Structures are given as structure tokens and as C-alpha cells.
Amino acid sequence: TMGEREEDSTEEAWLQLRPVEPLPSQCCGGGCSPCVFDLYHRDLARWEAARASKDRSLLSGQESQSCPSKLSPETFLAFRISAMDKLTKDTYRVRFALPGNSQLGLQPGQHLILRGIVDDLEIQRAYTPISPANSEGYFEVLIKCYQTGLMSRYVKSWRVGDTASWRGPFGGFFYKPNQENSLEQLPWSYREKTRFGRLGQGLIEELVHCCRRKPFALVCGSAEFTEDIARCLQCAGLTGDSYFLF
């Protein structure tokens with residue numbers, strides 16, 4: 001009957017709107033909050049409640065979130081690649097354009113989640129921008145590619161003018177100069193537990209110049225990497241007795 005067909009059509013519409021459970025590859029494993037699985041369970045609960053009460057506002061709600069305009073931990077936003085430099089045989093520095101002279105708004109130590117699709121499989125990985133916090137109109141990330149990495153395949157396919165989707169920021173340790181949770185306030189007994197990852201010259205200078213007293217840096221990596229970081233530290237004003245290279 002007509003009523004049964006309408007009911008079947010309505011049921012099919014609700015099933016099409018049911019949130020899809022993420023694949024394991026869609027979780028970067030970085031302990032993000034919210035994680036893709038947190039978002040899935042939140043959306044599933046909303047969908048179940050809306051379906052039970054026959055509240056079709058769920059339809060317009062999902063549509064309104066399909067074109068986000070601001071960086072958010074919950075929703076991916078596309079950024080255009082404005083420059084891409086191959087620094088070594090497997091390492092790329094990629095610059096993404098921001099609207100006008102806007103800033104990304106991340107604090108030192110925070111990171112973003114990149115989404116990629118390879119062979120119809122969605123994958124997500126965490127990356128920390130290496131551009132200074134006050135950079136206007138762009139942000140940069142440094143990405144090392146691996147021969148068998150899925151995200152590496154996606155990154156190698158990029159060309160200037162392409163877009164990539166990011167969400168964030170993530171990271172709950174906010175750096176504040178000369179505060180209890182800042183690097184220069186750590187007891188010297190923390191030296192053996194403190195290490196720096198891959199940082200750009202601008203960000204290294206920003207951290208060093210914010211310190212109330214001369215910092216001590218531990219650098220661990222390949223010979224080329226440690227030499228590169230040593231040059232950055234020297235340019236920031238640190239002497240050889242202010243850092244240790246593994």
C-alpha cells in the first residue's frame with residue numbers, strides 16, 4: 001500500500017543517515033580528544049535519539065556541517081598546497097595557504113590530524129606544524145615518507161594547487177613563558193627525559209627567546225638531522241655546552 005511504501009522510504013532514509021563506524025586506519029593512535037571513535041559514538045547516539053523521536057532535523061544538521069569554514073577538532077577542513085619542497089629523498093616540507101593574512105592559531109606543541117584516502121581506504125595521521133606560531137597566511141609541515149606507508153603514498157601524490165584535509169588542534173600541554181608548565185621551569189633533573197623532535201628555525205628561536213634562563217636541549221636523530229638542529233640552536237644563540245647530540 002501507499003502507506004507501507006512511504007514507511008519503507010522513511011526507514012531507508014534513516015538507515016542512509018546512520019553514522020558509519022570508522023575503520024582502524026582512520027585512528028591515528030595519538031590519543032586525540034575527540035578521537036574519530038568518540039565522534040562516531042556521539043553521532044550514533046544523536047542518530048538513535050533522533051530516529052526514536054522521528055526528529056528529521058538530523059537531516060539539516062548533518063548538511064550544515066558538510067562545509068565547515070573554521071579549523072575544528074571535530075570536522076576536517078581543506079587547505080590548498082601553495083608550495084612543496086623535497087628536502088631529501090624521503091622528506092617533504094609542505095606549505096598550506098591560509099585565508100588572507102590569518103594565523104593557524106596553534107600553540108607550540110599542538111598538532112593537527114591529516115586525512116588521506118589510498119585505494120578507497122581512509123587513513124589519518126598526526127603532524128605538528130613547523131612554521132612559527134605567528135606565521136600569517138600559511139602553515140608548514142615536515143613529512144617523512146616511508147616505502148610501505150599508506151599516508152606516504154598519499155603525500156607523494158600531492159602537487160601544488162591540490163588540497164588536503166586537516167582537523168585540530170590537539171594537545172593539552174600549552175607552553176607559556178616562565179610559567180610552571182613551561183620548558184624553562186623544568187628542574188634540571190629532567191634533562192635526561194627531555195628531547196626535541198623536528199623543529200624549524202623560526203620555532204626553535206621562538207622557544208629559546210621565551211626562556212627566562214638559558215635552556216638545555218637534547219637532540220636525538222640521524223647524523224644529518226642532529227647537525228641540522230645544532231645549526232638551528234647555534235643560530236638561536238645557544239653555545240655547544242647548551243645542547244647534547246645523541
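Positions of Cβ are set from backbone N, Cα and C atoms, glycine also.
The feature domain 'FAD-binding FR-type' is assigned by TrEMBL to 74-176. Mean pLDDT across the domain 'FAD-binding FR-type' (74-176) comes to 88 in this model.
The FAD binding site annotation in TrEMBL covers Arg125, Tyr127, Leu142, Lys144, Met151, Ser152. Within 10 Å of the Cβ of Met151 (FAD binding site) there are 20 other Cβ atoms, across all protein chains.
Taking the centre of the Cβ atoms of Arg125, Tyr127, Leu142, Lys144, Met151, Ser152 as the FAD site, the nearby residues of that chain (Cβ within 8 Å, site residues left out) are Leu114, Val141, Ile143, Cys145, Gly149, Val155. Ranked by how many other Cβ atoms sit within 10 Å of their Cβ, the binding-site residues Arg125, Tyr127, Leu142, Lys144, Ser152 place Lys144 at the bottom.
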